[in-house]
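Feature annotations, courtesy of TrEMBL:
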COMPBIAS  234-247  compositional bias 'Gly residues'
REGION    221-258  region 'Disordered'
TRANSMEM  17-40  transmembrane segment
TRANSMEM  60-80  transmembrane segment
TRANSMEM  101-134  transmembrane segment
TRANSMEM  154-186  transmembrane segment
């Protein structure tokens with residue numbers, strides 16, 4: 001038991017709470033302590049009966065049974081694996097930025113779920129996090145079942161097909177990938193590679209609640225470097241050029257630092 005306890009304590013802080021909730025809430029529904037009817041996302045109950053807990057419970061709940069148990073365990077593994085890699089990699093020492101990413105993806109998944117009457121949100125949120133990791137490590141070679149090897153950028157689409165084979169829904173995985181792509185595009189791709197403005201910024205109150213830890217080492221990928229603007233190249237960069245108002249998100253810059 002001490003080995004299990006040590007392993008559990010080794011899980012990064014944010015991932016640990018998400019991972020624990022994704023075990024406890026399905027167990028509560030499975031044991032009948034709370035009816036699963038009250039754990040899924042129903043637009044009518046949310047809007048007209050003000051059951052405001054449903055967006056949260058539907059993100060953590062999954063109906064575990066003989067036909068869905070393997071799908072649940074596989075995606076629980078994906079949650080642990082890739083949330084841990086992001087939290088200790090690209091977001092190492094920046095809990096506020098990681099929480100903001102989860103909140104942004106979660107809000108997008110909830111809005112989509114309410115629009116299309118999608119009752120279970122666990123897999124879409126997990127896939128959105130996996131997609132972000134895959135894009136930040138897109139050139140890394142990853143291994144999958146049966147010894148297959150390919151670049152990490154293809155991993156979300158391989159898992160989409162894999163989840164479908166073992167009984168999942170293409171819609172759930174596709175929404176997760178699209179939400180992850182939206183975050184990656186707005187936070188990294190558009191402001192860095194395309195030279196556009198940064199539409200997403202972590203609120204200051206999150207930095208006050210979850211202050212950044214300096215001196216961390218990123219081991220699982222870092223945000224891509226921003227492509228310099230022509231004015232910056234001509235003027236040698238610097239804060240006085242046309243691009244001076246943008247953040248320098250290069251490998252040496254830590255999200256949340258001034």
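Using the three backbone atoms N, Cα and C, a Cβ is placed for every residue, glycine included.
Unlike curated entries, TrEMBL annotations are predicted automatically.
Bear in mind that the values here come from a model prediction, so they are computed numbers and not experimental data.
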Two-stretch contact, the transmembrane segment (154-186) and the transmembrane segment (17-40), at least three Cβ pairs under 8 Å: no
Would you kindly list the residues that approach the transmembrane segment (60-80) from elsewhere in its chain, counting only those six or more residues past its ends and only Cβ-Cβ distances under 8 Å? 11, 15, 18-19, 21-26, 29-30, 36, 39-40, 120, 122-123, 126-127, 129-130, 159, 162-163, 166-168
